[in-house]
Amino acid sequence: MALRTLDSLGSLAGKRVVVRCDLNVPLKDGKITDDGRVRASIPTLHALIAQGAKVAIVSHLGRPEGAPDAQYSLAPVAQRLSELLGKPVTFASDTVGAGAAEAVSGLEDGDVALLENLRFNPGETSKDEGEREAFAAELAAFGDAFVSDGFGVVHRKQASVYELAKALPSAAGALIATELDVLDRLTENPERPYTVLLGGSKVSDKLGVIGHLLPRVDSLLIGGGMLFTFLAALGHRVGSSLLEADQIGTVKGYLEQAKQLGVEIVLPRDVVVASRFGVDAEHLVRPVDRIEDTGWGTSGLGLDIGPETAEVFSERIRAARTVFWNGPMGVFELAPFAAGTKAVAQALTEVDGLGVVGGGDSAAAVHALGFSDDQFGHISTGGGASLEFLEGKRLPGLEVLGW
């Protein structure tokens, strides 16, 4: 079956439509610091408003413990949605209680309401199917149809993603359709050379995608904290850098597999080593075989790829026709260790082909470092969902929509 899209729902004029968006944005002092996910939800919302639907948006934010927690309120998001849509957005003080019921019942054709954080309710993320179904039924009472547009959560079997889609006539929104189109281009006959750049802190988070991609790519570039496990697998000493010793054997297996497949795994030549973790820490650039040659010995820790590596990676990225990047090259939140991430991001903007930022921390990094969405071929809104798709996994939030 093909993914059901908005057209499959017929006319939605005057209909109540519950829309699952992913509005899980970072907040600081009650202010949104990166509104990328809010902006990504706008095309679907505009389409529903134009049809004259009565739109009730649901989303999570953060990881509250199944109960109301003011620091995770969606109230700031309602304000930003209103600004982007150019119309008032009613904010409900709860998700399925009297506040939500009043907000939805008061909607006129083309109006929009945002209900409070889904995860203030234990049924949203419950491991018990019956509890999820009961919560989904409460949400379904607010709609005549359901539109799933939160790509960042389609790999989760949660009430508003899976059970709600079964409880109402349902379809995917424009964002999910766009995300899948891009991911299909990465998996179905990608233009070559095809280069994948992986970073982030842990090898263990990327094992599945490394194993699945090795037979499919031309080269794999490794940065971020995970690089030190690769270096250790080659016999290098890495000081106090992040190291998953229990994954060294697995990494050795991947290095051997890549050799047999003729796929090049490109590892850093140099790294930025710091005396400690901190923005004002002393730091030096060292070749990967001299990480402990700093005066700090085994207490030094690598926090970014070095300038030579950044140039090598950038050249590889610019030479490719298809590039997928997931995971920062270093601790980009600290200015002395952001150069590697900034360099590869810049190179990705210069790709003559498809350059994809794979969501999560990578998307946060490009925004924090001053890049705009339109500089890249695509910035995914789902880090975990993108990786699981590229691992070849079936995603419950998509299967329930006919995918």
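Quick reminder: no glycine exception, Cβ is built from N, Cα and C everywhere.
For Gly62 (substrate binding site), the same-chain residues that are 6 or more apart in sequence and have a Cβ closer than 8 Å to its Cβ are Asn24, Gln71, Tyr72, Asn117, Arg119. Per Swiss-Prot, the feature substrate binding site maps to Asp22, Leu23, Asn24, Arg37, His60, Leu61, Gly62, Arg63, Arg119, Arg156.
With a cut-off of 8 Å between CB atoms and residues at least 6 apart in sequence, the same chain places Gly200, Gly327, Pro328, Gly383 near Asp361 (ATP binding site), listed in sequence order. Per Swiss-Prot, ATP binding site is recorded for Lys206, Gly302, Glu333, Gly359, Gly360, Asp361, Ser362.
For the pair Gly359 (ATP binding site) and Asp22 (substrate binding site), the Cα-Cα distance reads 12 Å. All protein chains shown were included, and the count of other CB atoms within 10 Å of the CB of Arg119 (substrate binding site) stands at 25.
The most densely surrounded of the binding-site residues Asp22, Glu333 is Asp22 (count of other Cβ atoms within 10 A of its Cβ). Of the listed binding-site residues His60, Lys206, the Cβ environment within 10 Å is emptiest of other Cβ atoms at Lys206.
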